[in-house]
Amino acid sequence: MSATSIGLIGMATLVGMILARIPVGVALGLTGFVGYAAIDGFAKARLVFGAVPLELSSAYALSVLPLFTLMGALATMAGLSGDLFRASNAIFAGMRGSLAMAAVGASAAFGAVCGSSLATAATMSRISIPQMLKAGYSPALAAGVVAAGGTLGILIPPSLILMIYGIIAQLSIIKLFAAALIPGLVLTGLYLLTVWLWVRLRPEAAPKLPSEGKAQAFRLVLNIWDVAALFLVTFGGIYLGWFSPTEAAAVGAFGALLLGLLRRGFARGDVTTAFTETTRITANLVLIVLGSTIFSYFVVQTGMAQSVVKSIAALGLSPLAVMLLLIGFYIFLGCFLEGIGMVLVTVPVLLPLVISTGYDPIWFGVLLVIVVEIGLIHPPVGMNLFVIRTQAPEISLGAMYRGVLPFLVAPFLLIAMLLGWPELALWLPRSMSLN
């Protein structure tokens with residue numbers, strides 16, 4: 001049997017294992033090891049992969065994962081999201097749909113210190129949905145805007161998926177963060193525009209609420225100055241070259257701890273819980289990266305990446321047609337696989353194809369995250385919707401699906417913008433001469 005045939009069998013086996021809910025890291029590692037052994041023998045596979053854990057344990061780039069995860073966990077436990085929502089609501093006060101717009105703004109701000117879509121969606125569900133329902137908002141709008149806003153957590157830096165993509169693709173995490181910043185802000189604006197159009201076309205979906213007054217609004221916005229300072233110091237330090245990503249993550253984690261203590265936002269045991277949760281998530285992420293590294297060795301050995309590049313080149317498709325084909329493929333995968341699984345399974349095979357068509361891998365990383373975002377809010381998986389369902393069981397899944405459909409237009413518009421104007425993502429990292 002040829003190496004390519006073994007590779008195809010391995011890919012099919014891997015997808016089957018992931019669909020069977022076998023942990024992604026285990027599925028990747030097991031498939032990679034067995035597949036490599038089938039090509040080059042068990043003895044060589046054991047020799048090659050025996051060194052992988054040692055190599056990863058000394059990889060400096062991996063230390064960014066637990067530190068940014070800790071920053072997000074501490075920010076969540078400190079209750080920063082509540083102040084962010086109130087400040088965001090003060091900014092939009094007096095407008096129809098102000099609470100929904102506040103949910104988008106707070107999700108973007110919280111994502112900037114969290115890095116996780118599911119955590120952002122869960123946190124904003126607890127804070128904003130009860131207030132929207134109490135104010136007479138449509139359950140569909142309330143659930144849809146929180147599900148969509150939650151996706152900002154993996155686009156606006158720090159993004160766990162971008163970090164994992166950078167590690168797997170061996171790209172600069174600083175450049176990836178810089179490339180994602182402007183598209184993240186644009187997507188935030190598109191979500192706000194979606195809310196504005198919704199309540200303009202269906203005013204009954206969001207009753208207009210009275211403004212709290214300029215003085216109160218100013219006080220609420222001023223109350224989050226320290227959160228803004230944490231973001232500016234952490235990520236401004238990265239963009240200005242003061243910190244490496246790992247150093248910035250350490251500064252951010254310490255800053256989140258300090259904010260929680262000064263604000264007295266931690267309840268008894270919260271800090272311990274944050275460290276415990278960070279340990280659990282980090283162990284899972286490291287297992288995933290380990291499995292992905294083993295799987296990447298297998299992919300290289302099979303020659304699948306080169307075969308894919310040659311097969312697509314033989315079709316004579318334009319670079320744009322190839323990219324549209326890949327986007328459609330990823331959207332299809334999003335119906336069955338969660339985001340990290342999609343990235344780890346496909347990037348080793350498809351990134352060489354992307355580079356061969358002339359697209360920048362930094363640009364592709366941002367595009368990939370946006371496509372993953374679509375998978376987080378469209379059926380049948382739509383993980384953000386199921387997270388919201390656990391926090392707001394009074395809203396039916398049918399209402400959630402109806403509510404999220406208008407927001408799906410926004411990421412597709414952003415994809416079109418990136419295809420038409422790649423500089424939307426590439427201008428910032430290029431202009432800042434980031435390394």
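Yeah, the Cβs are placed from backbone N, Cα and C, and that goes for glycine too.
Note: TrEMBL annotation is automatic and uncurated.
Feature annotations, reproduced from TrEMBL:
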type     : residues : note
TRANSMEM : 6-39     : transmembrane segment
DOMAIN   : 13-420   : domain 'TRAP C4-dicarboxylate transport system permease DctM subunit'
TRANSMEM : 59-79    : transmembrane segment
TRANSMEM : 99-119   : transmembrane segment
TRANSMEM : 140-168  : transmembrane segment
TRANSMEM : 174-199  : transmembrane segment
TRANSMEM : 220-242  : transmembrane segment
TRANSMEM : 248-266  : transmembrane segment
TRANSMEM : 278-300  : transmembrane segment
TRANSMEM : 312-333  : transmembrane segment
TRANSMEM : 340-356  : transmembrane segment
TRANSMEM : 362-387  : transmembrane segment
TRANSMEM : 399-421  : transmembrane segment
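Looking at 140-168, 220-242, 362-387, the range that has the most CB pairs within less than 8 A of the transmembrane segment (99-119) turns out to be 140-168.
When Cβ-Cβ distances below 8 Å are used as the criterion, the transmembrane segment (220-242) is approached by residues 71, 80, 83-84, 86-87, 89-91, 109, 112-113, 157-158, 174, 177-178, 212, 248-249, 251-252, 255-256, 259, 262-263, 432, 434 of the same chain, each at least six residues removed from its ends. As a quick check, the transmembrane segment (340-356) and the transmembrane segment (140-168) clear the bar of 3 or more Cβ pairs under 8 A, pairs 6 or more apart, so the two touch. Contact between the transmembrane segment (174-199) and the transmembrane segment (399-421) is supported: at least 3 Cβ pairs lie under 8 Å, counting only residues 6 or more apart in sequence. The average per-residue pLDDT of the prediction over the domain 'TRAP C4-dicarboxylate transport system permease DctM subunit' (13-420) is 84, rounded to a whole number. Sequence-distant contacts of the transmembrane segment (6-39), counting only residues of its own chain at least 6 positions beyond either end whose CB sits under 8 Å from a CB of the stretch, comprise 45-46, 48-49, 284, 287-292, 294-299, 301-304, 336-337, 340-341, 344-345, 349.
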